[in-house]
């Protein structure tokens, strides 16, 4: 028996009205203006022949640069800005990309023997027009904003770049061994250097911008070194449980799980996650220890000129659970967008972590005669945790390309290195970083030793001094501006969905860490309490800071982008709530420590 036509029309009208209501809700949120920090205009110099470089703190990667790392022609950058703001494919295709080409071979003419010997091609800017795209759910990409990025001469920027150099110098340190005697010299050096900087040793002042106040970090200790500041990130082991543990497998009720656990593991399923009837491992490929990139000025300049070194990193045989700073940097090099959060969701579901008690149909089936799946169940959260990712990416792409256009840390390291070498000759090429060079003197000396060792290993028996920021990736940063971070905005959005669905206050009964010697999990000596929300927040910080550890993002990129992603996810949850017939709310603990109901 069919459904009467009148009922179908009524349903169609109700469906239309629901969509209109969602659109009206999105419109009612309003638009938050996006403001840059003013440096693009401050360092604009249309006449480079007078000796002042142009756009030195803007993202110019891909355009031709001079021997100091400044763009040769400011008009190239202005054309770049016009093209990305228009989104016109032809305008983008007509931009100057990379160096001059050899008239005979047609290949780019690189500065370094390495790039020329590999016959490298150029790489293009990544999705520069994505922020111009419209979406059909959640906040419009251009309706939410990030605050202005820290300026080049600020105490915050000096602290950020100091932290990145220190992370780079400690890439072989194990997360579980920060307090080990064997690492004491490096760890104490890092702590002392950071605590000696104004950003860490001076409290926020009345009248400071709110965004700066919320990013402000106090005294650095062994317990919070290189950690995030989201609620839970400073509690327990450095690594979130959800990036190292596994889950119960199918057949676990009859002992089927045991076949997947290594004989020497402390258990928690040995880092193996049930993905349906197959398993996926939390283990990561082992990047060659001590192998850093872009430590030579000519190679660095080639990368700024668009040399495509992707794929030229090297690895040890096998894989292991994340153990070192370099391991985490490797994890975030090739992760599949929402991988960490889908994995976390699979772990939470397989281990029967309860949903938020406010979500419908949480009683025993014998009481409400229903189980959850399409709505408020496994299928719902598995779909939604991935669905928010590209919406968040569009929002951050708009901030990256169309608003802030912040230079990557590798380029800041270039300014510092060039100026440090000039200072030793009594000169100053980029006086804007004179203070940074002075305050980072001890860190830069260690960086020079590390870079010299790397450059000798790369075949230069007598390398020139280099104070560049060592990169974990052969290609350096991705081909888009630094502020904000794609990894961080996705982290913020996906973790927000997970916290909305699962019982955030649920306590984790056993805490694990990765063994310092063997590829296995061991029970942690931590005696405090970890919660689902805290470990999900820590997961977001781990992934976002992993990009900092690789040398491709700053702390402010990571922190502000997580908050941006949260806004996207909240908007989607609000709009989708209009589609449900059940009367309920999501209870969401936000990244600022407050709790809201959706």
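Here the Cβ of each residue, glycine as well, is placed from N, Cα and C on the backbone.
Site annotation (Swiss-Prot): vanadate is bound by 400, 408, 485, 486, 487, 553, and the candidate from 391, 547 recorded at this site is 547. Counted within 10 Å of its Cβ, the other Cβ atoms near residue 487 (vanadate binding site) come to 30, all protein chains included. Distances between the Cα of residue 485 (vanadate binding site) and those of the binding-site residues 361, 368, 370 are shortest for 361. By the criterion of other Cβ atoms within 10 Å of the residue's own Cβ, the least surrounded of the binding-site residues 370, 485 is 370.
Residue 370 (Ca(2+) binding site) sits 46 Å from residue 400 (vanadate binding site), counting Cα to Cα. Under DSSP, residue 480 (active site) is assigned to coil, being neither helix nor strand in the three-state scheme. The binding-site residues considered are 361, 408, 486; of these, 361 has the fewest other C-beta atoms within 10 angstroms of its C-beta.
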